[in-house]
């Protein structure tokens, strides 16, 4: 006795049927679930998309290989079979004459008609060509795969020409399959680093003939004329149109190319009049265009040739369906005919879904906005079908920030989902199984929260304020290199002004002699206090400037958390409470980037992970030693109660990279400021740190995050470029004289 499988093991026909249906199902899944990854940072969603993405190609390749393996059996007359075999369902479904029957030794000729569908599936849906940025760099491998798989499908087709009633329908589907596969290969190339650069550079431009122009025209005649201002931004234009104009100019950033000061000045002036919500919306739509180019077929579809190929492809699919419908299908099993109809109708449904997504895309909205007739048509369709309007207004990235608390992590206080007790148990098991870091991010200590309006407003206003100070390239570079020093120097200047004002009181007129006498009696104390504050501020500046970025980030993260919990019970005004929330959000977000997304900070991270691990070990040891004496939840008070008269490096040496008690010293220094001023300084420092991290992240890393739900750092990076900050601008603007003459 033994288990008898339902599918005969000697019959590869069943394997082919199962594989081709699985390939179709995966295509349907992909076209609808692939867009989820741009709006969700969930690891589960990414895992589902990744699994379908890999399986789709693998199953289609497998099915094509099975067809190629049965090449000699497709359409060949059936060999004699025993009476027992003749009684099987497979032999009962056999046809006669053309050898299109189905038995254990031959494959029906209808299988050859399925080969071009596999090319269509290998071309993939419009919503995904690459899962990650690195996939685009493999476009050459994909091109070789296209040639081999096209050869395999063609071999299956040509070997079944004799007695094949589906030749015409197969030709139609071959046209669609080859076009789709070629589109995917081209889009992979366009999304690669080389493809992005070549598409942006265009033809070499030598510019006006200097030798001829300098003889023909007088410089003084044109020197005062303004620069060419063909590129303009209109506030009244639809959001998609404005974002597309910005994308056309600022897409160079993603290829590490430089921008001219003309683009900077026009964009800076435009964004200076916007509110935070409008600015973030524009950036979001603009990043949507970048996502489409890098990860979807937008580069091939949204062109005149792309639209024409879409029409040809749709016509060929419908023609193949009609041709198959009218062909005599007697002699073929009902199952094979049903599978073929499923493939044809599936192709129609996928094409219709792709068409609806195309019509509701931002690219189509931009195209229609520039054409009054099409614009009216779009408005009519949107009014009639409200779901299209809702889809357009949907979010184009996750709009969430991930947060990680170092002290919460060391105390074993999970910030993610699930009961704390269960989370601690899972964390302990994960540590034993060496998968702790993965679970920490997905389930336990990392929590994802929505980007609040107050955070957007704070970031935008700070960037705009910094941009107003940057008048030339040197100043822009200086602002971009600040990671807290700018905020502390501002505080130092305010402290110096207070001291100067106290000195000026002594020189006032004799009419206020009594008041002067009182102030003079107090002035030594005022000056001494001011001098002490300045000295402490100088130490704070060194903490920001004279240490590595990762060390500075850890110092300020712990100090911010200690100050936050220390002030939690004290009453503060609304503005101070807002700055506290913002400071904590940015602090925990940047720590998350340092620990969980090190690729984002790879150029400035240094030995961040080593410092983080040593600091965590130091904190855990401290909290364990205090547990017996009852922390009572006041972990901040326990840390701040430690005497820090001597620098930790003097006591501990260089063996450990922990910055725990250095951060305690910093928190105590910040505590010298009153609550409102303290949180103004802390929030300003974190604004500068966020900007520093954003503009020192590689463009490829920013592009890579777009397929993972996006990151706030990417939004800030592009926003910085639009308000006039960033390091990819020309050092000097082009001469107005050349513009005027050339014009």
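Every residue, even glycine, has its Cβ placed from backbone N, Cα and C.
The annotation compositional bias 'Polar residues' is assigned in TrEMBL to 497-531.
Over the domain 'DUF4220' (50-408), the average per-residue pLDDT in this prediction is 82. The domain 'DUF4220' annotation in TrEMBL covers 50-408.
Residues or ranges marked as region 'Disordered' in TrEMBL: 491-531.
Taken from TrEMBL, the feature transmembrane segment applies to 16-35 (among others).
Annotation comment: TrEMBL describes 47-68 (among others) as transmembrane segment. Same-chain residues lying 6+ beyond the ends of the transmembrane segment (47-68) with a Cβ under 8 Å from its Cβ atoms: 12, 15-16, 19-20, 22-23, 26-27, 29-30, 33-34, 36-37, 74, 111-112, 114-115, 118, 121-122, 124, 128, 131, 149, 152-153, 155-156.
The transmembrane segment annotation in TrEMBL covers 307-327 (among others).
Here TrEMBL flags 339-359 (among others) as transmembrane segment.
Residues 401-406, 437, 440-441, 446, 548-551, 553-554, 557, 657, 686, 689-690, 692-693, 696-698, 701, 704-705, 711-713 of the same chain lie 6 or more positions beyond the ends of the transmembrane segment (589-610) yet place their CB under 8 Å from a CB of it. Look at TrEMBL and you will find 589-610 (among others) tagged as transmembrane segment.
Only residues 6 or more beyond the boundaries of the transmembrane segment (307-327), in the same chain, are considered here, and those with a CB under 8 A from a CB of the stretch are 113, 165-166, 168-170, 172-173, 175-176, 179-180, 183, 300-301, 340-341, 344-345, 347-348, 351, 354-355, 358.
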